[in-house]
Structure formats: C-alpha cells, structure tokens
Amino acid sequence: MNPYISATLLFSLGLGTTITFASSHWLLAWMGLEINTLAILPLMAQQHHPRAVEATTKYFLTQATGAATLLFASTTNAWLTGQWDILQMSHPLTTTMATLALALKVGLAPLHTWLPEVLQGLDLTTGLILSTWQKLAPFALLLQIQPATPTILIILGVTSTLVGGWGGLNQTQLRKIMAYSSTAHLGWMILVLQFSPPLTLLTLLTYLVMTSSTFLVFKLNKATNINMLATSWAKAPALTTLTPLILLSLGGLPPLTGFMPKWLILQELTKQDMAPIATLAALTALLSLYFYLRLTYAMTLTMSPNNTTGTAPWRIPTSQMTLPLAILTLATLSLLPLTPTMLTLLTL
C-alpha cells in the first residue's frame, strides 16, 4: 500500500477514536465510530486475498449493524427525553439498546460470533489494531452510559468470560485463540463496569499491553497456528524464554501483570455481595488459562518436525522493529508491584 494512503488511513483511525472520546453529543460520537470503521476497512482488505475480503465484509456488516442500532437508540432517546447528551441517556429502552449495540461493536458474548472469523482472515498487524485500538471508542461510550437494568451488564460479562474460555479450548489457529481471549477479557471489564469505572479502565489498559505484546511475539515469529510456534526457539531463543510468561500473564497468574486486574475485580465483586458471580468468573479464568498453557507447551516443550541443515534463523538479523515489543513485554511481566500507584492515579 502507498505510504501516503497508509498514513491517511491511520490518521483517520486516530481521528475517529478521538472524536468519539471528545464528544458529548450522540451524533458526533456516532460519526467518530463511523470514521473509525471506514478507515480500517482498506487496511483489512489490503492483502487482496479472498479470506481477507470476506473478513472485511463481515466486519463492515456487523459494525454497520451496531452503528445503526446505536443511532436508532440515541434518536429514540432524543425523541423521548429531548436530550442528545450522552450522559443524559436515562430511558431504560434506549440505554439497553445502546449497550447491546456497543457490545456488538466490541465483540461481547453472545454478540461475539463475528470476531474469531474476522480476526482469522486478517494479517497479524491489522489483527493487533482490531483487538486493541478498535475497542477504545465503543468502551469510552460504554463507560458513559449507566444502564437502567444493571443485570444486563452482569449477564454480558459472565457470558463473555464463559464463551471466551470455552471457545478457545478447541482452537489451533492463534488469531482465533486471541479473539476468544479478547472476548473473555472484555467480559471481566463489563462485570465490574457499573461498580468501579476506574477499575474497568485499569483492566482495559493491562489488556491492551498484554495483547499487544502477544501479537508482536506472533508477528516476530511469523506464527499463525500452534504448530508454527514450535519453530520459534530457532528464530528468537531469548524471546521464546519470555513468551510463556507473557501468555501466563494473559491468563492472570501471579506474580505477573495480568493478575492485578483479576484480583481487584474479584475483590470488588465480593465487596458488592456478589461472591457467586466472582467465583464463576474465577472458574472461567481457568478455561482461558488452559489454552494459554497449550501455547506455552507448544513453544517450550515440543520440537518442530524438521531437520533442515544450514544457518539457524536467529543468526539472520530481523528487519522488524523490536523496541515496542521489548517495552510491552517488560510491562506485561512486571507491573504487579505498581498496583497501589495505578489505583491512586486512576481514582484521582
């Protein structure tokens, strides 16, 4: 793709999200979401592969459905209450519709079915953008809507953690595994959204860091399925040593960064007299942990079935930029001791 076109599309991607962040009017927020969607479509279809075009079409249709529902919800709200202000959405019908529309846009279960299929059809770089940046704008709106029926968020959250854990168990494609992982993490965020918005933001931040580092590891190894991970020790021995820790951080094991949001969310749910929900969420985290352990096993304890002689791939210098990966890996593995600092910053 022409670098000028790429730059324009990436600028539009940033602009769409920024407009949604900055708007207090529903029409402006909707416009930001639309700019965001339209900017990523050419990036998704740039491979000119039937699979990529199919994924782009599916993404466009689901996002258009979500945006149309959101526009309908906000128009209905303006008709019923005379308010276009995002914070003034008070009618139970419109808040429920808007919550479900945004749930479809980010990929919360049971509205998640498009996400694994779309992610599987993309290259790892666009998949990274879809799994991280594209979640920000809808989440900014979700944080501002206070649903009249809090039960809907609990149902969406529990279903997402369950489906995210269960769906990833039988997968061999890394991008589909990351899609189910994304659904599970979003479920944790939604569970605690109505009780502690700052905690949701902290969980979103740690999710972005961990997911970015995982995608960059796969990109460096050019790995798209579990079997391809077995060759990673020959390409980047030091990184192969650290990758299991990145995956276990995604699974939420102490003393890694991923433990922090899960621990705080379980604590908050228990404070709100929701111990059964907290227990269920903790058990669904074990499902996710299983498929992260599968990836860890494939990387560290299996050998690739080839015996080619010649220069080992790690002797050939990589042309990819590795500084972002280094910084994100460090953050993924070692932010747990900073938990009190982060909580203080978020509650200011």
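The backbone N, Cα and C atoms fix where each Cβ goes, and this holds for glycine too.
According to TrEMBL, the protein has these features:
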type	residues	note
DOMAIN	23-287	domain 'NADH:quinone oxidoreductase/Mrp antiporter transmembrane'
TRANSMEM	60-80	transmembrane segment
TRANSMEM	92-115	transmembrane segment
TRANSMEM	151-170	transmembrane segment
TRANSMEM	177-195	transmembrane segment
TRANSMEM	201-221	transmembrane segment
TRANSMEM	233-254	transmembrane segment
TRANSMEM	274-293	transmembrane segment
DOMAIN	289-343	domain 'NADH dehydrogenase subunit 2 C-terminal'
TRANSMEM	325-346	transmembrane segment
Top partner of the transmembrane segment (233-254) among 60-80, 151-170, 201-221 - counted as Cβ pairs under 8 Å: 201-221
Excluding the flanking five residues on each side, which residues at least 6 beyond the ends of the transmembrane segment (325-346) place their CB within less than 8 Å of a CB in that stretch? 198-199, 201-202, 206, 209-210, 212-213, 216-217, 220, 239, 242, 245-246, 249, 254-260, 264
Taking only the residues in the domain 'NADH dehydrogenase subunit 2 C-terminal' (289-343), give me the average pLDDT of this model. 80
